[in-house]
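Visitor: Pasting a structure here, questions to come.
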Amino acid sequence: MSVDARAAALAADAVPGLPRDDDGPVFREPWEAHAFAMAVTLHARGLFSWPEWAAALADEIKRAQQRGDPDSGDTYYRHWLATLERMVADKGVASAATQLRYRAAWDHAADRTPHGRPIELRPDDFEPA
Amino acid sequence: MSDHHHHDHHHDHDHSELSETELRVRALETILTEKGYVDPAALDLLIETYETKVGPRNGARVVAKAWSDPAYRERLLQDATAAIAELGYSGRQGEHIVAVENTPATHNMVVCTLCSCYPWSVLGLPPVWYKSAPYRSRTVKEPRAVLADFGVTLPDDTAIRVWDSTAEIRYLVIPMRPAGSEGLSEERLADLVTRDSMIGTGLACAPTEVA
């Protein structure tokens, strides 16, 4: 499996609305690049096709707009992330409940990590299942 | 999974903080890694290709202004936090920054453990090797050898100072202004300022290196 910048460029071409400049995708914050790279990787693993992703993302954006999303462009990757979460659940990789559990564990890890230290996840950050 | 859940506890500065969004991203990365869908090293490599495409890269403009405006350079060295805010760049990540200037006599290099307050809006995406504790400690012990790994060779009589970021102090290296950049606008100068040059693992580009 090789996920390279070329695969990412294909994604940028296949998914409408992706924030980009002449060279390719651009990101407002580091987490956006992580969310993008995860989708590119999962696509390379065959979890979904780009048309499938684009449809799911469009659906996510539509639902957000119905909830009153300002649609100012700066929320694009929030929708991208929500799509990623939904795709991961729908494809049976990890349920929404599992995702919440991991999220809570990271929250716990941040809480116990003194300011200025790297945050690392430990087994005891998880609530007992 | 609501988009609108706000994360408003632990503002206590003794603790690290991750936004709700950062928690979600980290949760997914961990899950996908554990399930074997994602190789974290490959993911980092892919993300690294967007090094120049993440965030506003305010630091490059700060450096370009310091090169062009001696009074600004002075203010930056005196109080970088205020000088950076002067350009309209502020926020949690921009706070408590100290600027250190490279000269023919001294080269500065910064290491960081990548806590949650990494000043990415100023410095851009952190390098992947910051995650490696052995690499960071090697930088402190033998900075010249690490610089050589990055393809940077400095004159023997240039002293190398390594700065270790803390929760209180983050550093911005002001690289030496490259030869041949006389007369360039601040905007053009900012294009010469790479992420690596602002953490001291690289030099600013020569104008001929930038299209």
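Every residue, even glycine, has its Cβ placed from backbone N, Cα and C.
These came from TrEMBL, pasted as-is:
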type	residues	note
REGION	B:1-20	region 'Disordered'
DOMAIN	B:20-201	domain 'Nitrile hydratase alpha/Thiocyanate hydrolase gamma'
BINDING	B:Cys112, B:Cys115, B:Ser116, B:Cys117	Fe(3+) binding site
Visitor: For chain A, which of the binding-site residues B:Cys112, B:Cys115, B:Ser116, B:Cys117 fall under 8 Å by Cβ?
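Guide: Listed binding-site residues meeting the cut-off: B:Cys115, B:Ser116, B:Cys117.
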Visitor: Within 10 Å of each Cβ, count the other Cβ atoms and name the one among the binding-site residues B:Cys112, B:Cys115 with the highest count.
Guide: B:Cys112
Visitor: What mean pLDDT does the predicted model reach across the domain 'Nitrile hydratase alpha/Thiocyanate hydrolase gamma' (B:20-201)?
Guide: 92
Visitor: So for B:Ser116 (Fe(3+) binding site), how many other CB atoms are inside 10 Å of its CB?
Guide: 20
Visitor: For B:Cys117 (Fe(3+) binding site), which DSSP three-state class applies?
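Guide: For B:Cys117 (Fe(3+) binding site) - judged by DSSP and reduced to three states - the answer is coil.
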